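J.: After the structure tokens below, expect a handful of questions from me.
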Amino acid sequence: MIFEKPSTRTRVSMEVAAVQLGAYPLALRREELQLGRGEPIKDTARVLSRYVDAIAARVYSHESLEEMAAYATVPVINMLSDVEHPLQALADAFTIKEKFGAIDRVKVVYVGDGRNNVAHSLLLVIAKLGGHIAVASPPALQPRRDVLEAARAAASETGATIELLEDPKEAVRGADVVYTDVWVSMGEEAEAEERRKLLQDYQVNAELMSLASNRAVFMHCLPAHRGEEVTDDVIEGPWSVVWDQAENRLHVQKAVLALILS
Ligand code: CP
Ligand code: NVA
């Protein structure tokens, strides 16, 4: 496991998952490796492939992962890039199934930064599993075109529905899952002020939750910024399933590791 950015859930759940399965996890920060002194990713990938059975990486740029995967001769797992966060999305899908029994009869609404890793991976997983997803975000923060195209292609095979909206209130009407993520992702600190302005009307608060269905749950990948993308009464309130969602990272990643390594 190579980390270019901080992590609480992903690092600890992956490390515990590996140990519980009898594997030997090594968690390394980029600067502990020669990578931090300029050794190319392609060289690192080829060398590590001679020692380990899988490489997992959390990176700033998605291209770094693609280069790693192109040169590694063992599986490469995305532990979050600027474009996707697939392990999170798998745990999210599992959590929805756990709470509602199925994915296809559940309306998932993502509110906020629709252009970040978590939004993209949620869109992709719901599309692949035949669910219903609406993304409510300001025009400048709608999902990337390539991600949207991939999600729409999957939806045409699974019967999933995808809606893009601007108005969070309109989107949340009848929602079974209201999902949000931070307004400023890791690596976007320079745009923080601009993003907070763009997203100020996208806070998930009790008023917004009251428009959702009467069985609605609140989801967040965490870490959360109370008072920004979500209010304290929502994340601590009866809607919130965020702790189960975080726990599910461990179970789902064990499944991923078992699938990849056996
Ligand atoms: N949700 C998530 O990936 O959290 P960490 O950044 O703590 O790993
Ligand atoms: N979108 C957030 C997710 C953190 C788990 C980020 O990239 O910082």
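Quick reminder: no glycine exception, Cβ is built from N, Cα and C everywhere.
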J.: Given TrEMBL annotates SER7, THR8, ARG9, THR10, GLN34, ARG58, HIS85, PRO86, LEU87, GLN88, CYS221, LEU222 as carbamoyl phosphate-binding, which of ARG115, ARG173, ARG249 belongs to that site as well?
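T.: Looking at ARG115, ARG173, ARG249, the one TrEMBL places in the carbamoyl phosphate site next to SER7, THR8, ARG9, THR10, GLN34, ARG58, HIS85, PRO86, LEU87, GLN88, CYS221, LEU222 is ARG249.
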J.: According to TrEMBL, ASP181, SER185, MET186 bind L-ornithine; which one of ASN117, ASN248 is annotated to that same site?
T.: ASN117
J.: For the binding-site residues listed here (SER7, GLN34, ASN117, SER185), which one has the lowest count of neighbouring CB atoms within 10 Å of its own CB?
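T.: Candidates: the binding-site residues SER7, GLN34, ASN117, SER185. Fewest Cβ atoms within 10 Å: GLN34.
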J.: What is the interatomic distance between the Cα atoms of MET186 (L-ornithine binding site) and HIS85 (carbamoyl phosphate binding site), given in whole Å?
T.: 13
J.: Once ASN117, ASP181, SER185, MET186 are set aside, which residues in the chain still have Cβ within 8 Å of the Cβ centroid of the L-ornithine site?
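T.: Result: LEU80, ASP82, HIS85, ASP113, ASN116, VAL118, VAL182, GLY187, GLU188.
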J.: Just name the most isolated of the binding-site residues ARG9, HIS85, ARG249, going by other Cβ atoms within 10 Å of its Cβ.
T.: ARG9
